Amino acid sequence: MESAIAEGGASRFSASSGGGGSRGAPQHYPKTAGNSEFLGKTPGQNAQKWIPARSTRRDDNSAANNSANEKERHDAIFRKVRGILNKLTPEKFDKLCLELLNVGVESKLILKGVILLIVDKALEEPKYSSLYAQLCLRLAEDAPNFDGPAAEGQPGQKQSTTFRRLLISKLQDEFENRTRNVDVYDKRENPLLPEEEEQRAIAKIKMLGNIKFIGELGKLDLIHESILHKCIKTLLEKKKRVQLKDMGEDLECLCQIMRTVGPRLDHERAKSLMDQYFARMCSLMLSKELPARIRFLLQDTVELREHHWVPRKAFLDNGPKTINQIRQDAVKDLGVFIPAPMAQGMRSDFFLEGPFMPPRMKMDRDPLGGLADMFGQMPGSGIGTGPGVIQDRFSPTMGRHRSNQLFNGHGGHIMPPTQSQFGEMGGKFMKSQGLSQLYHNQSQGLLSQLQGQSKDMPPRFSKKGQLNADEISLRPAQSFLMNKNQVPKLQPQITMIPPSAQPPRTQTPPLGQTPQLGLKTNPPLIQEKPAKTSKKPPPSKEELLKLTETVVTEYLNSGNANEAVNGVREMRAPKHFLPEMLSKVIILSLDRSDEDKEKASSLISLLKQEGIATSDNFMQAFLNVLDQCPKLEVDIPLVKSYLAQFAARAIISELVSISELAQPLESGTHFPLFLLCLQQLAKLQDREWLTELFQQSKVNMQKMLPEIDQNKDRMLEILEGKGLSFLFPLLKLEKELLKQIKLDPSPQTIYKWIKDNISPKLHVDKGFVNILMTSFLQYISSEVNPPSDETDSSSAPSKEQLEQEKQLLLSFKPVMQKFLHDHVDLQVSALYALQVHCYNSNFPKGMLLRFFVHFYDMEIIEEEAFLAWKEDITQEFPGKGKALFQVNQWLTWLETAEEEESEEEAD
């Protein structure tokens, strides 16, 4: 995400940053030339004349006034933009786009402000993200560009404009800080106040709104596909020191972006990536550490892809609609025809606005404006601002009776239900039109339509039992921003219909028939408001540590692990206290018997299996105890050995891995704790098991030693002292093989010693071949040039030395051929051993070329291996560049000789 989005510029901007000030008020600061400057000289053309101080002050005041006027003008522009965004609907889209482009976007500062307003609006109203994305597309094409002409990009890519760059920069900032505002409330130890609950809900809406907005912009190619993939990877990856159950916010954002832009990303070229994403989502979906809501969100998203990205009907109609579309949906869904507005000067609800209409009714309707002409006000919910004036689920029939007792749950007037709102004339009119029957049978009609609800529900809910008639409420759902314990005044708390249980669409009834959508005469079941239960505050750190001590002491005495686990679970400890609780478990068992230490280790493993603690919790606890070692050693001298036992048992029970344990102990931290842990592992298991596990961990043993000891010889010495040299059989071989060759250089003796002391598995190991060749080369060099001789590496060796070198190499030929024959990869390793040997000897004159020729003539190394060494680009072995320079001409000859031989064979 970081590198991909960074093309948009800085991730933060404000009114004072960027180039916005270049078009601000002109500021004049005239220079004053002192008398000494032009003394005896004629001022040049560029010299500025002296200006009286009074004129300067007047210019300064003028600049300040201009600056204030400029600020007022900007504020007026931003107010106008805010007003345009509040009125934005699909019907007025083109008209309002033109208005927005004509508000006076004449500087980068104003453009930044416009972008901030659009993004904030899109984040507050995620349902209308697609509309705001269309607006951004229009502005990206038509808004002024203040960056100047850019270099031509690749064909097919959208040109980067100021608007697009600043928009991506703002979205990057929101994405990187997506959970900041939500985490502020989640980290509170005390229960949130109602106002804080509402603020947290608003912050979460904005977080999800930003993700959805990014997806909608991605649909329109305003954000490149690579950026979308980086967003998804960022949301999916497991962060260090972050528990899985704390990834809920990121996974919810992931589901949002997948639902929004998943179909666009799921094409043939990106199929492998998408498969990886969804494989990870499937594994997370089965994790018990995640909340059930997040697991179901992941399941819905996985099922959405399985159904070829065709959403259930419940999610189809959530976007912004025109008024004509709403009228058509009303006809399809409920069989109610809402006529379009009549000619100018007339209203579609003529009879409701006539002279016989009661004054109270007019007063109730007038303030609503626009939508009141169609539906009236929705009961129990606000209309909202901007595009949000359209509720995503409504019933036109219900909207017309907002003051009725059955809908509001209380009586506000003495008049009967029909007449209480429309008056006597209105009631007669309704009865004459058959609307009274429509009104009273609505509940019954709704119940009959609920039978087809399963197609709108997720598969996991389709087998649940049907709703009883008395459990259905016709009141629309309250705003989700309200606190769970809050209930609107004068309205009892009642059972709500789940969104997926809304009535499915039905065909329009035949002409002349009255739609049967009336209410039952029985009022909906009213549940009594549950008594408020005061939430018990979480225990303090001191209380938790005391409880932990009690539970652990009892467990060590009784040995009942289940009771101990239940005791820890019942503490309901905040997650940030868990490491200290585990530290307490370890410390309490340190001065006890080995059996009690093993019990404590088992308890920690059980807490991990039950999902109460995590591997990170254990590592933090373990390191906390290590930091206390100087104090603990006063009473418990062998504390590090005991802690090594805890670490070893944690590795055996797969609570942590060797690499996870090694990371904080690098560079000899708490030395020799890591080696003590390996000793305990070898003791509790066996050497072969530990060797295989250690090799898989890829831990660099030299880095685990203090810096002064980080070399092969010292490492082997330390490992032998701890009885751990078996972990590096080749390292031990390197030292002993050279000693054996010096003792008896005959090839038969060397080969027999290798067979007796080296495992057959290692005979085809590159490391073994490297050590074998290095030992031979070191022996030959020591014999030809004894250490006592002060020979210059730049001088050529004598004929006697060259002959001795060749004879020694010839004597080792049978052993070399035995292990290198028909193994080109091992032969390449032998050449690298020669390269490193020459590098360590400062490349003696002609040595590398001589040995290349000897290896070739003696048929120890094949032509294919020489050429493979030349083409190999590994950086593992030093001196490759200089080595190539010395033998390049000979390798070229070898290639041409091979070609000539192949041509002769062809002839």
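Glycine too: its Cβ is placed from the backbone N, Cα and C atoms.
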>> Among K484, K546, K575, can you tell me which residue Swiss-Prot lists with the annotation SUMO2 cross-link?
In response: K575
> Looking at Swiss-Prot, which of S11, S36, S169 is flagged as phosphoserine?
Replying inline: S11
> Where does the phosphoserine label fall among S14, S272, S443, going by Swiss-Prot?
Replying inline: S443
>> Could you tell me the mean pLDDT the prediction assigns to the domain 'W2' (720-904)?
In response: 84
>> Neighbour count, 10 Å Cβ-Cβ cut-off, for K575 (SUMO2 cross-link): what number do you get?
In response: 13
>> Roughly how many Å lie between the Cα atoms of T89 (phosphothreonine) and K575 (SUMO2 cross-link), rounded to a whole value?
In response: 46
>> Can you tell me how many other Cβ atoms are located within 10 Å of the Cβ belonging to T89 (phosphothreonine)?
In response: 18
